[in-house]
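Peer 1: In case it helps, TrEMBL gives these features for our protein:
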DOMAIN    199-338  domain 'AAA+ ATPase'
BINDING   Gly207, Pro208, Pro209, Gly210, Thr211, Gly212, Lys213, Thr214  ATP binding site
BINDING   His429, His433, Asp505  Zn(2+) binding site
ACT_SITE  Glu430  active site
COMPBIAS  628-676  compositional bias 'Basic and acidic residues'
COMPBIAS  776-791  compositional bias 'Basic and acidic residues'
Amino acid sequence: MTKKKVLRIAAVVAAILVAIYAFSVLTDSTRGYSDVDTSVAVKQLDDKNVEEVQINDREQQLQITLKDKISVDGDDDVEKIITKYPARAADTIFEKVQASDAGKYQTKVSEDSFLGSLLVMLLPILIIGGLLLFFLTRMQGGAGGAFGIGKSKAKELNVDNPDTTFDDVAGADEAVEELDEIRDFLQDPARYEELGAKVPRGVLLYGPPGTGKTLLARAVAGEAGVPFYTISGSDFVEMFVGVGASRVRDLFKTAKENSPCIIFVDEIDAVGRQRGAGMGGGHDEREQTLNQLLVEMDGFDDREGVILMAATNRPDILDPALLRPGRFDRQIPVGNPDLAGREQILRVHAKNKPLAPDVDLKSLAKRTVGMSGADLANVLNEAALLTARVDGNVITGDALEEATDRVIGGPRRTSKIISEHEKKVTAYHEGGHTLAAWGIKDIERVYKVTILARGKTGGHAMAVPEDDKGMYTRSELFARLVFAMGGRSAEELVFGAPTTGASADIEQATKIARGMVTEYGMSPQLGAVKYGEEQGDPFAGRPGQGTLDYSPAVAATIDDQVRMLIEKAHVVAYRILRENRDYLDTLATKLLEKETLRRPDLEAIFGEMPLVEVNDIFDGQDVEFPRDFREPVKTPNELAKERGEEPPVRPDFYSEARKARMERRKAAQEAKRAEQLEQDQQRQQGQQGQQGQNQVPAKLPGFPPQQHGQQGQQPGQPRRDHLWGGQDRTNPPGDPLNNPYDQAAPRHPGEQNYGPGPDRGSGQGPSQGPSQGEIRGFRLPDNEQPDHPWVTDDAPTGRHHRVDPEKTTDDTNEEDR
């Protein structure tokens, strides 16, 4: 409820109260009478000091006008008195009035008027009805009052001032391509209609939470240039039967009246969930709403020019009738970004943040595998908060490092008191993970290991994958089992008994081993068969327990195979740790000293440690299907690399089409911008002409750009009054960071920080930091800083690449290049 509405209601209530008070005062028949005790009134009757008497039998009240004034409570001029008497004394009072020789007396028997009686009877009903009306309006969100229950709650966004465009979306190029085609169709339908093409009637965006589905919808709203209505799936269904269907009809009615337009339903699974087989009854409110939605999307009525967009995290529970062509013609997956997408997302969110020269967004993108766009935005926001906490002015690499750990594992538990023995066990446990990963083939190198407590964990070892892999071999999955069992093996090797700290490792190992046996068909004994089918829950909308579609004997075999895999990985991890006990002790000592070790320090500790390769994971795995040792064919890129040529570029039709649309879009934007500029100049000239002033029309600063022969600031030179401008800072011609209206606009200090810093061996130079004042930022404690310099982050992160720590950074870069 808004402040104005509250004030309006308060004013109405106050006016009603004032009116009631005024009415009661004006209609009061006892005004002017002084209230006295019964004894005083009786004495006046006995003394015959009475001029006029009125007996009110209903209220048991006596009103007397006196002949001579008396004194009451210090008032000597009291001429009229009033008093009450009991009902049983009515006869006595009447006799005294008759004996008082009053000049006039009368008895008044008052009766309630019809209007008063009606008011008394209706007042409680009106109060209760008003309260019900108020609460009913509040439950319906005030949508059209109590009689607007069936009115749609959709909000129309302002298309003239868009807050989000496709330029704000990164890491979802395919989804942007699909949605940009719809925007192009709405703005230029003639080109498509000539070919007989029809715009998709519905678009469904699906994917994990935080991947940017709603952001894409906001970008479409900002780009389409047509009315855009947005509503949540939960806004359709309320407590009253039939409200959802009524709101669907009202929404599409409004959309048809303003076509062409776009309707966006966020979290459509709230209303589009798959209908049960009679469970819940045919009159279930949600099913009625869904049925009406199906009719509106593709029924007898035409909805030409109305496009329905929807987003959901659970496409598997949507009703099949909702997903068929004609309703949702285009279903666009929006998944977690890959390496390039994560780097683009980090660049977008780092635009308005000052970054220090040591920030490396490419390396940060490598370390954030599996993060969504929302997670990456949270990382940069946490880094900014950490910088503000220490009163810094730039975001450093240490701030991003700490922010990543906070997003993954939670904040540090600095207040927790850990005993020396528990700290030692944790150091050996995490060292066991690290050494197991470093000593086996087919797994990525550990990027960082720490014994600092975060969230529910007492420490962690982070293995950074080489790239976003979509497939894993049997050996790679088994190597992850060895990595998971490294911590428990270290506890057994050093302390002789395992602890409860390995519970999460055992859970993860069991999940991987069971997947190898029941889902991926990697066990020769069980064959390439998937065991266990998921049975959906029609009420909860999520998969239930897997049904036993196999015999108890097969279930026992599955359990045996899972146990065998974990035990074999346990044995391999224990053997690696026992044969390299010196490395384990050195690693534990360093962890107890520094608490956090990163890849340069780990490289210096392990050096060229031999790798263990396990070939016989399952008994008889290569008997029936042995490998043919003929090498596979090479890809065109591999052949070009062997010949010393550039990789071949394949023509991409969609890329060319997208480029053409972007050029048309850019030309339209430039034309619109030029038209707006001309209108502004004409408006200013008209205002100057009316004022009689002969002045030059105002222009945007720096537009058109000055030539070198003109006086003033030269193109590409920094503004002298800007904090980030330096003497040697220029923007090259064609730089996308240049302002189209002002070629002298300064660039953001963080825009050049997307490459590694100078001490990380990058070929790109760092951006210029603040030219005035001291650079301040978040910095990790000295004991958590690496003792050895970073090598280039362009090198693969896998275990097959070794870097000699004795080599200099320049030599390493040259070798990698």
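Numbers run from 1 along the shown chain.
Every residue, even glycine, has its Cβ placed from backbone N, Cα and C.
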Peer 1: Which whole-number mean pLDDT does the model give the domain 'AAA+ ATPase' (199-338)?
Peer 2: 82
Peer 1: For His429 (Zn(2+) binding site) and Thr214 (ATP binding site), what Cα-Cα distance in Å is obtained after rounding to a whole number?
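Peer 2: Rounded to a whole number, the Cα-Cα distance is 42 Å.
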Peer 1: Taking the Cα atoms as reference points, how far is Glu430 (active site) from Asp505 (Zn(2+) binding site) in Å?
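Peer 2: Asp505 (Zn(2+) binding site) has its Cα 11 Å from the Cα of Glu430 (active site).
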Peer 1: Same chain, not part of His429, His433, Asp505: whose C-beta falls within 8 angstroms of the C-beta centre of the Zn(2+) site? Give them in sequence order.
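Peer 2: So the extra residues in range turn out to be Glu430, Gly432, Ala461, Ala484, Met485, Gly486, Gly487, Arg488, Ala490, Gly501, Ala502.
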Peer 1: In the structure shown, with every protein chain counted, which of the binding-site residues Gly207, Pro208, Pro209, Gly210, Gly212 has the densest set of Cβ atoms within 10 angstroms of its Cβ?
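Peer 2: Result of the Cβ crowding comparison: Gly212.
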Peer 1: How long is the line from the C-alpha of Gly212 (ATP binding site) to the C-alpha of His433 (Zn(2+) binding site), rounded to the nearest angstrom?
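Peer 2: Distance (Cα to Cα, whole Å): 35 Å.
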Peer 1: Counting only residues 6+ away in sequence within the same chain, which have a CB under 8 Å from the CB of Asp505 (Zn(2+) binding site)?
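Peer 2: Those within reach of Asp505 (Zn(2+) binding site), by Cβ under 8 Å and sequence separation of 6 or more, are His433, Ala484, Met485, Gly487, Arg488.
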Peer 1: Please report the three-state DSSP label of Pro208 (ATP binding site).
Peer 2: coil
Peer 1: Quick one: what's DSSP say for His433 (Zn(2+) binding site), helix, strand or coil?
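Peer 2: Going by the DSSP assignment, His433 (Zn(2+) binding site) falls within a helical segment, counted as helix.
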Peer 1: Please give me the CB contact count at 10 A for Glu430 (active site), counting all chains in the structure.
Peer 2: 27
Peer 1: What residue among the binding-site residues Thr211, Thr214 has the most other CB atoms lying within 10 A of its CB?
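Peer 2: Per the Cβ count within 10 Å, the most buried is Thr211.
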Peer 1: So which other residues, same chain and not among Gly207, Pro208, Pro209, Gly210, Thr211, Gly212, Lys213, Thr214, have a Cβ within 8 Å of the centroid of the Cβ atoms at the ATP site?
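Peer 2: Near the ATP site, the remaining chain residues are Ala311, Asn313, Val334, Ser372, Gly373, Ala374.
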Peer 1: Using DSSP with the three-state reduction, classify Asp505 (Zn(2+) binding site) as helix, strand or coil.
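Peer 2: In three-state terms, Asp505 (Zn(2+) binding site) counts as helix.
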Peer 1: Are there any residues at least 6 positions away along the chain from Lys213 (ATP binding site) with a Cβ closer than 8 Å to its Cβ? List them or say none.
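Peer 2: Correct list: Leu205, Tyr206, Gly207, Ala311, Thr312, Val334.
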Peer 1: When you measure from the Cβ of His429 (Zn(2+) binding site), how many other Cβ atoms are you left with inside 10 Å?
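Peer 2: Result for His429 (Zn(2+) binding site): 28 neighbouring Cβ atoms inside 10 Å.
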Peer 1: DSSP-wise, what's the residue breakdown of the domain 'AAA+ ATPase' (199-338) into helix, strand and coil?
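Peer 2: Helix, strand, coil within the domain 'AAA+ ATPase' (199-338): 53 helix, 29 strand, 58 coil.
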